[in-house]
Ligand SMILES: Nc1nc2c(ncn2[C@@H]2O[C@H](COP(=O)(O)OP(=O)(O)OP(=O)(O)O)[C@@H](O)[C@H]2O)c(=O)[nH]1
Ligand SMILES: [Mg+2]
């Protein structure tokens with residue numbers, strides 16, 4: 001018997017790699033957009049407004065050579081402290097521990113104090129890849145300036161390497177995937193190959209409604225609200241979903257509902273269409289508004305929501 005071949009008797013990964021990748025960065029740099037493009041499906045909600053992502057969201061990418069389990073995190077909060085922000089930051093710190101590699105996302109040509117604060121939270125013993133996003137922007141078109149920007153940021157932390165991408169336009173995303181693979185341990189895949197997230201349909205439904213609130217409401221309001229799934233049932237091949245939007249104050253209710261209920265109708269129609277696409281089934285969706293005051297500072301309530 002050839003001793004060198006004895007390992008072949010055991011189940012092995014055969015060069016296959018599988019591991020965890022945390023995506024971190026300050027709010028609005030494009031972390032969720034990046035994750036959606038990496039896995040090729042819209043799992044994590046995105047918006048022009050900062051602090052869109054509130055929960056960690058896992059997205060799974062699988063191909064013939066590797067399975068990458070991405071964890072999209074809320075943008076690290078550096079502004080005001082309250083129970084919600086503290087918890088969001090705790091989630092980010094937790095997400096960074098126990099992963100194989102970290103993707104630190106920054107916006108091309110824009111490195112702020114907020115970016116620096118997040119950078120200081122990066123662990124020393126896990127490889128961190130600097131990913132410069134939004135290279136489609138005009139200010140990033142000058143190659144020399146972009147390189148100078150990368151050099152400046154790289155001087156502040158010992159990155160394992162760097163990549164440039166445009167998440168929104170899907171530029172160099174495949175390249176980033178290849179760059180990440182060697183950081184993963186050899187392992188058989190942990191999830192079935194057709195699985196794209198470990199989040200429940202319930203969670204995804206709630207997130208979709210939250211995204212529409214961000215899209216259709218003014219600057220401040222979406223931060224003062226939360227979304228709760230009150231019922232989620234499958235009946236005759238159709239999903240019946242009942243969702244409550246929780247606002248802080250009574251006077252915020254009409255803002256969400258709109259004149260003659262127009263705004264709420266728009267929000268729920270768009271949410272329903274997104275849900276039908278994601279779940280690949282017909283959806284009956286009912287969304288309404290409830291008042292729950294002071295929730296952003298109510299830690300116990302946050303815990304109930306799983307935050
Ligand atoms: N021009 C350009 N815009 C981008 C790119 N990637 C993301 N964006 C935009 O940047 C904004 C923020 O994107 P998100 O993916 O929600 O950012 P995020 O980092 O997840 O934000 P938080 O969850 O709030 O921390 C959205 O308006 C995106 O469309 C890109 O490659 N180029
Ligand atoms: Mg996000």
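Yeah, the Cβs are placed from backbone N, Cα and C, and that goes for glycine too.
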25-32, 33-40, 41-48 - the one TrEMBL records as region 'G1': 25-32
Annotated range (TrEMBL: region 'G3') out of 68-71, 72-75, 76-79: 72-75
Those binding-site residues in 28, 31, 73, 76, 135 whose CB falls under 6 A of ligand 1, listed in sequence order: 28, 31
Binding-site residues listed as 25, 28, 76, 135, least Cβ neighbours within 10 Å: 28
Tertiary contacts of the region 'G3' (72-75) (same chain, 6+ residues out, Cβ under 8 Å): 22-29, 31-32, 35, 44, 50-59, 88-89, 91-92, 95
Close-lying binding-site residues around ligand 2 among 25, 28, 31, 73, 135, where CB distance stays under 6 Å: 31
All-chain count of other Cβ atoms within 10 Å of residue 73 (GTP binding site): 28
